[in-house]
Structures are given as structure tokens and as C-alpha cells.
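Written below as C-alpha cells is the structure these notes are about.
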Amino acid sequence: ALHEFPNDIFTNEDRRHGAVVLHVLCAVYMFYALAIVCDDFFVPSLEKICERLHLSEDVAGATFMAAGSSAPELFTSVIGVFITKGDVGVGTIVGSAVFNILCIIGVCGLFAGQVVALSSWSLLRDSIYYTLSVVALIVFIYDERVSWWESLVLVLMYVIYIIIMKYNSTIHHCFERKTKNSANMVNGLASNTEMDDNSNCDATVVLLKKGNFHRKASVIMVDELLSAYPHQLSFSEAGLRIMITSHFPPKTRLSMASRMLINERQRLINSRTYTNGESEVAIKIPVKHVVENGTGPGNSAERGVNGGRRDEDVAEAGNETENEDNENNENDEEEEEDDDDDDHEGPYTPFDLPSGKIEILKWVFTWPLSFVLYFTVPNCNKPHLEKWFMVTFASSTLWIAAFSYMMVWMVTIIGYTLGIPDVIMGITFLAAGTSVPDCMASLIVARQGMGDMAVSNSIGSNVFDILIGLGLPWALQTLAVNYGSYIRLNSRGLIYSVGLLLASVFVTVFGVHMNKWKLDKKLGCVCLSLYGIFLCFSIMTEFNVFTFVNLPMCRDH
């Protein structure tokens with residue numbers, strides 16, 4: 001693969017005497033560059049495209065969002081097929097898939113700071129389809145070559161996955177109905193007692209579970225929640241909890257979360273006075289919002305009850321509510337001012353020096369990057385550049401391709417210098433580097449208590465990696481570029497690695513089931529230990545420890 005890239009300015013002897021460190025630093029910088037382009041430019045442009053196409057959240061997540069978080073793996077695979085003609089792309093995607101499942105779930109379990117509840121449906125849905133994808137991959141690469149129809153099957157499997165996601169809520173209702181019916185057959189008609197038993201459970205978790213499957217307009221979800229959980233949520237509570245789900249931008253979610261904390265604290269203080277168990281501190285909801293909720297599906301009697309309860313809450317709260325709202329508004333204004341001053345959320349601009357020593361160090365470190373991106377990629381998050389979102393999409397795609405090329409080039413040189421096969425560099429170094437953005441995103445949502453979103457993000461992006469990340473470049477090569485040709489895989493050890501990938505899914509699902517569908521530190525430690533075992537086994541297999549899978553690497557004399 002080394003000879004498919006331009007000649008390096010250093011000789012192999014120079015690299016062996018220390019110049020390889022420069023290549024390592026360059027590769028790490030490319031990882032960071034990819035993370036910045038994906039998070040600050042590529043993903044926002046995809047969100048704008050989804051808005052313009054009026055895509056529902058699940059279809060957008062399965063298509064454009066998965067493409068956003070897995071763009072580095074996809075371009076690495078494209079480079080592996082068309083440029084290096086080796087296994088670096090396959091190795092990266094296999095390694096990244098195991099990293100996504102074991103390492104991301106392990107990190108979320110260890111650092112979430114709380115025990116996160118998981119729902120069985122989302123984990124089973126994603127893991128079953130993911131298992132089918134991995135089985136198809138094993139069957140196709142077993143003879144070490146991939147034909148045009150095999151690559152086409154992988155792409156078509158992804159189309160089926162999108163269709164499943166489109167009708168996710170319908171399928172989930174059928175699944176829930178069947179499981180409830182079977183439970184009722186055993187336990188008798190226990191639906192009412194079940195509701196009463198669960199009345200003390202965390203309403204936020206209930207809402208997030210509902211929010212993940214009811215992929216409709218957010219205003220309708222309030223009515224659905226109130227009718228489904230009449231003893232758990234008041235109108236104001238449902239509204240607040242709706243606004244911390246992914247339907248809303250991060251700033252709104254943060255603001256609503258802080259209000260929820262204030263309300264909960266107030267409820268605990270007043271719990272001796274009030275005995276009805278509902279929150280006394282209601283928030284002021286605009287009339288327009290109430291009217292919109294009134295238009296949602298449901299009978300007029302239910303809406304009347306909900307409206308009456310809301311009026312009672314507002315009347316109960318009295319002056320306390322107004323004071324609370326004033327304080328909240330002041331806090332929100334202060335937060336906005338802070339955000340305007342620091343502007344940490346967006347990318348750094350090359351001409352505005354941030355405040356704080358650490359921020360200045362980051363700004364200096366990323367200055368060459370931010371300077372180039374400032375003039376070549378419009379930031380469609382800014383209102384005056386919002387209409388340029390297609391230009392952002394196209395230019396950020398080109399930059400991701402360029403950074404991925406540089407990254408694979410550097411990693412190929414490092415592997416050649418140290419005598420490490422391409423597949424091992426893909427499974428370890430490249431896989432971890434390209435999956436760091438996914439890991440950070442999953443950890444952030446896990447710390448907010450949204451375990452399903454964290455796990456679905458890690459498994460869902462794996463489905464994209466295997467079916468599109470491998471299937472699309474293979475299909476282009478065997479159908480468009482050279483019709484009827486075969487993709488040849490050099491490493492026999494990849495089959496063992498993909499087999500371990502399959503085992504990692506079973507072990508993870510079994511571990512979560514044994515842990516009573518909870519994500520905690522114990523499960524996190526087990527997952528991270530399993531990731532270490534996978535790396536050791538894969539590396540030893542590629543170095544022909546167990547059986548002969550790789551020819552020795554050629555050397556320049």
C-alpha cells in the first residue's frame with residue numbers, strides 16, 4: 001500500500017531514527033481535524049438538509065446522521081478500495097465496529113455518573129439487524145473475494161434497514177402489544193396494577209422511552225404522554241420533559257433541564273405541605289403552544305382534563321411561579337450572555353481570540369485548521385449563512401475526503417516503518433481515532449440519562465459502517481469502475497476478526513440482559529475488558545500466532 005501514495009520526504013532509515021514521530025503527530029492532528037469538520041460543519045449541514053426534505057427523525061438518523069458520524073470510516077474504506085487496494089478500510093470498519101460496541105458502552109457505563117436504564121426494544125432491534133449484517137459480511141468475505149452481487153446485497157440491506165426505521169413506532173407497538181398480551185395471559189389482567197406499581201418510577205426515563213419511539217411532532221407527544229401516563233405527569237412536567245429530548249436544540253435542552261432541577265427541588269421542599277405527589281411549580285406555557293397541543297389526536301374529554309389540571313397547577317403555584325420564572329429568565333439571559341462572550345459551541349474563528357488560557361491554547365493548536373476552514377466552508381449554523389447549507393455539505397465532504405486520505409497515508413507509513421500489517425493498523429489505531437467523535441457523543445447523552453440513545457448511536461452507526469461503508473465502495477468498484485471484477489481481500493485473519501465482532505454483539509446483549517437492562521460501572525468494566533481481549537486476539541491472529549493467515553511484509557533493500 002505504501003507505493004500507492006506519493007513518496008515520503010523521509011527515507012525509511014530516517015523514520016526508524018525518530019522521524020516516524022512526526023507522522024504519528026500528523027495522524028493525530030488529522031483525527032482532530034476530522035472531528036472538527038464532522039461536528040461543526042458536516043452534521044449541521046445534514047440537519048438543514050433533513051429539515052428541507054421534511055424527513056422524520058428516525059429516517060434522518062438512519063441515513064444522514066449515520067453518514068455524518070461514520071463519514072471518516074466510509075472515506076477510509078473508499079481509499080482502501082480505490083487507492084491502497086488493501087485491507088486497511090475493512091480493518092478500520094471491523095475494528096471501529098468492535099470499538100463502538102464494547103468500548104463506547106464500557107466508557108458510558110464507567111463515566112455516566114449514574115445507573116442508566118435501557119429499554120429492550122431498541123437494543124434488540126438494532127442488535128438483531130446488526131447480527132444479520134455481520135453474518136452476511138462473514139459469508140461474503142469467506143472466500144477472500146467479493147463479487148458485484150454480494151456488494152449490492154449489502155447496500156440493499158441498508159435500504160431495508162431505513163424502511164424498518166421509518167415504520168419503527170408501528171413495529172414497536174406490535175412488539176409491545178404481543179409482550180403485554182403474553183404477560184396478561186400468565187398474570188391475569190394486571191395492566192392497572194402495573195401502572196400503579198410503576199407510578200413512582202422516573203418520569204423522565206418514561207418520557208425518553210416514549211420520545212424515542214413516537215417520532216411525530218413534539219406538540220402531539222405531550223397529549224400522548226398525558227393519556228398514557230395520567231398518574232405520573234402533569235401538563236407542565238410533560239412539556240418540560242419533552243423539551244430535553246433530541247427534538248430541540250442543545251441550548252433549549254440545557255435550559256429546560258435546569259428548570260426541571262429547580263422544579264424538582266421546589267417539589268421536595270413543599271412535599272410536606274402537598275400530598276397529591278404532583279409538581280406544584282408550573283411553568284408559563286404560551287397560549288399558542290396550548291392550542292397546538294389541543295389539535296393533537298385524542299378525545300375532547302381527555303384534552304379538557306389535561307387543560308383543567310394545567311389551570312389548577314398554575315393557580316396553585318401563584319406568585320411562586322412568577323418569581324421562579326423571573327429567576328429562570330434572568331439565568332437564561334446570563335447563560336446567553338456567557339455563550340455570546342465565549343462562543344465555545346461553534347468552531348474557533350482565526351481572527352477572534354477566546355478568553356481563558358486553555359481556550360487560547362486550543363485556539364493556537366487549531367489555528368491553521370480554523371484559518372483554512374473559515375475561508376473554504378461556510379458555517380451554516382450562522383443565520384446569515386444558513387441558505388448556503390448545500391455548499392457547506394459539499395465542501396465539508398471534500399475536506400473529510402482530504403483529511404481521511406492524509407490520515408490513511410500517515411498510518412500506512414507508520415505501519416510500514418514499524419513492520420505492522422495494514423489490517424492491524426486499521427483495527428487498532430485508525431478504528432479508535434475515527435470513532436472518538438461517536439464515543440464523545442454517546443458519553444454526553446449517557447450522562448443525561450439517555451442510555452437508549454447512547455447504545456443506539458453506537459450500534460446504529462455500525463450498521464451503516466458495514467452495509468454502506470464496505471458495501472458502497474465495493475459496489476462502485478465491481479459495477480461502475482470495472483464491471484464484473486472482484487474485490488480481493490489479502491488477510492485470512494479478517495474472517496476471525498469479523499467472527500469476534502459477531503461474538504461481541506452476543507456477549508454485550510447477554511451482559512445487558514444479565515445486568516437487568518441497566519448500564520452501570522460493572523457492565524462498563526466488563527465491556528472494556530472484552531475490548532482488550534478482542535485487540536489481543538486480533539493482533540496475535542494477524543501475526544500468525546494461532547494459524548498462518550498473512551504473508552510476511554515486503555521490505556525495501
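All positions are counted from 1 along the displayed chain.
Each residue, glycine too, has its Cβ placed from N, Cα and C.
Feature annotations, reproduced from TrEMBL:
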type	residues	note
TRANSMEM	20-38	transmembrane segment
DOMAIN	24-165	domain 'Sodium/calcium exchanger membrane region'
TRANSMEM	59-83	transmembrane segment
TRANSMEM	89-111	transmembrane segment
TRANSMEM	148-168	transmembrane segment
REGION	291-351	region 'Disordered'
COMPBIAS	313-344	compositional bias 'Acidic residues'
DOMAIN	389-540	domain 'Sodium/calcium exchanger membrane region'
TRANSMEM	397-416	transmembrane segment
TRANSMEM	423-446	transmembrane segment
TRANSMEM	466-486	transmembrane segment
TRANSMEM	493-513	transmembrane segment
TRANSMEM	528-551	transmembrane segment
Point to revise | Interface present between the transmembrane segment (493-513) and the transmembrane segment (148-168) (three or more C-beta pairs under 8 A) | key: no
**Study point:** Chain residues outside the transmembrane segment (466-486) and at least six past its termini with a C-beta under 8 angstroms from it
**Key:** 67, 70, 73-74, 77-78, 80-82, 89-90, 93, 97, 130, 133-134, 137, 145-148, 150-155, 157-158, 161
Review point. Same chain, outside the transmembrane segment (528-551) by at least 6, Cβ under 8 Å from its Cβ: which residues?
Key: 95, 98-99, 102-103, 106-107, 110, 421, 423-424, 427-428, 490-493, 496-497, 500, 504, 507
Exercise for review: May I ask you to check whether the transmembrane segment (59-83) and the transmembrane segment (423-446) make contact, with contact taken as at least three Cβ pairs under 8 Å and only pairs 6 or more apart in sequence counted?
Suggested key: yes
Study note, to complete from the structure: Per the Cβ filter (under 8 Å) with a sequence gap of at least 6 from its ends, the transmembrane segment (397-416) is approached by 1-2, 5-6, 8, 12, 15, 20, 23-24, 26-27, 30-31, 33-34, 37-38, 41-42, 71-72, 75-76, 78-80, 83-84, 88, 373, 376-377, 422, 424-426, 429-430, 433, 553
Practice item. Using a Cβ-Cβ cut-off of under 8 Å, list the residues of the same chain that are 6+ residues beyond the ends of the transmembrane segment (89-111) and lie near it. Key: 73, 76-81, 141, 422-428, 430-432, 434-435, 438-439, 442-443, 446-447, 451, 454-455, 457-459, 461-462, 465-466, 469-470, 473, 489, 491, 494, 497-498, 500-501, 504-505, 508, 519-528, 530-531, 534, 538
Exercise for review: Please spell out the DSSP helix, strand and coil residue counts for the domain 'Sodium/calcium exchanger membrane region' (24-165).
Suggested key: 119 helix, 4 strand, 19 coil
